[in-house]
Amino acid sequence: MTSIAVVGSQWGDEGKGKITDFLGTTADLSVRANGGNNAGHTIDFDGKEFKMRLIPSGIFAAKLGAVISNGVVINPKVLLGELNNLEKSGIDTSNLKISNRAHIIMPYHIMQDTYEEEAKGNLKVGTTKNGIGPTYMDKASRIGIRVCDLIDPETFAEKLRFNLERKNALFTKVYGKPAMDFDEIYNEYVEYGKRIAKYVCDTSLYVNDALDRNEKVLFEGAQGIMLDIDQGTYPFVSSSNSVSGGIASGSGIGANRIKTVLGICKAYTTRVGAGPFPTELHDETGDKIRDIAHEYGTVTGRPRRVGWFDSVALRHAKRVAGINALSLNLLDVFSGFDKIKICVAYDLNGKQIDYYPASLKEVEACQPIYEELPAWEEDITGAKSWEDLPEKAQAFVKRISEITGIPVVTVSVGPDREQTIVLQDPWTL
């Protein structure tokens, strides 16, 4: 069995798309296991750039194709838009598989997301308003509409009518908003069901069969561990489990079928939206990192908050997700800096701690304790091997590995697939 689960080890936007693209060239099957179209990644293929929110990168190269599994919530309009864009560019999409157990994001989920965020006022969490949270809410309430329902017009009509009665009561009586029309939604979405039906199957069987044959299976995690609904900075989190355990359940496989958990991290830290961020920079250094690295959200376009590398948060991610290898991205950003800082612990009301508190109040009171390292002058974007990196850059990478207790297996020195230095092949771990 050869399998890798790629997980974001920070607050998302760590460069998972690049690493999954890099590993996807040698993977036999690529699987998306959680989240929805709130998570964007950019893939460069055959000289063209593709911005994807739902379809895994394996659609481009993997022998067995790409899977959208049961843990994903699917906006069929977004999905079909991505499929159309791929097909217009000559990409074969026939090898896409969609789980019959995945839940569907409905128009009322998007409206509910918007209304609830507006009603929260100062307590809003910065949702992307794509309906992700309300869809997972309905899933947990056991009233959600799944792919297998959408492709059965009779079942779909029954479940839509049941849900819309309740949503319209909520919209009109609580939020003072207009009701939504059954016929309009049904006619639009039943057509979506017809168009995606050919891709639908029991993806749990498909993925497990591939693992049984010892195919190389790449599981593409979305968001980041610090956005996990249980282990992240609650309530400023996503609505799904982004840890490796969530990838297992979201793919319909046993947890012991994931061989390597590859944590993706930047040489610094970023976050989009509200929520605690102990190492955040509010000075020229933060602005400099943001400008050099073009730190703006793939989906939202919002400027990302920037801070120094936080080893406390990463050790937390290691513990709860079982990370046993690291891919360190954007090392090239620090060329020309005088110094780099790594947060090694927190000061919480005069006490040094090395763990990430659950209490939001405690996290906000934490002050980072830094270790300072010298940066390097050289441009490293052309480095092809470990030996090509300056000694100071090597020292920084080694220190990250020492502090976190995780071996660094790849180092990224630029956005292109070729700008990836492999210290150890993740498929051989």
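Heads up, the Cβ atoms here are built off N, Cα and C, so glycines get one too.
Database features (Swiss-Prot):
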ACT_SITE  ASP13  active site, proton acceptor
ACT_SITE  HIS41  active site, proton donor
BINDING   12-18, 40-42, ARG304, 330-332, 412-414  GTP binding site
BINDING   ASP13, GLU14, GLY15, LYS16, ASN38, ALA39, GLY40, HIS41, THR128, ARG142, GLN223, ARG302  IMP binding site
BINDING   ASP13, GLY40  Mg(2+) binding site
BINDING   THR298, VAL299, THR300, GLY301, ARG302, PRO303, ARG304  substrate binding site
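In this structure, PRO303 is the one among the binding-site residues GLY12, GLY15, GLY40, PRO303 with the smallest number of other Cβ atoms inside 10 Å of its Cβ. Checking each of the binding-site residues (ASN38, THR128, GLN223, ARG302, PRO303) against GLY12 (GTP binding site), the C-alpha distance stays within 10 Å for GLN223. Rounded to a whole value, the Cα-Cα separation of LEU331 (GTP binding site) and ARG302 (substrate binding site) is 22 Å.
Using HIS41 (active site, proton donor) as the reference Cα, a 10 A cut-off selects ASP13 from the recorded positions ASP13, GLY301, ARG302.
Closest in space to ASN38 (IMP binding site), of the binding-site residues given as LYS18, ARG302, PRO303, VAL413, is ARG302, taking the CA atom of each residue.
A gap of 11 Å separates the Cα atoms of ASP13 (active site, proton acceptor) and THR42 (GTP binding site). Spatially, by CA atoms, the binding-site residues GLY15, LYS18, GLY40, THR42, GLN223 include one closest to GLY301 (substrate binding site), and that is GLY40. Checking each of the binding-site residues GLY40, THR128, ARG302 against VAL413 (GTP binding site) by C-alpha distance, the shortest gap belongs to GLY40.
Spanning the listed IMP site, residues ASP13, GLU14, GLY15, LYS16, ASN38, ALA39, GLY40, HIS41, THR128, ARG142, GLN223, ARG302 have a farthest Cα to Cα distance of 34 Å. Among the binding-site residues listed here, namely GLY15, LYS18, GLY40, GLN223, GLY40 has its C-alpha nearest to that of ARG302 (substrate binding site). Just so you know, the Cβ of VAL413 (GTP binding site) picks up 25 other Cβ atoms within 10 Å once every protein chain is counted. Separating the Cα atoms of PRO303 (substrate binding site) and THR128 (IMP binding site) is a whole-number distance of 14 Å. The two recorded residues GLN223 (IMP binding site) and GLY15 (GTP binding site) have their Cα atoms spaced 10 Å from each other. Comparing the Cα of GLY15 (GTP binding site) with the Cα of every entry in GLY40, THR128, ARG304, these being the binding-site residues, the smallest distance points to GLY40.
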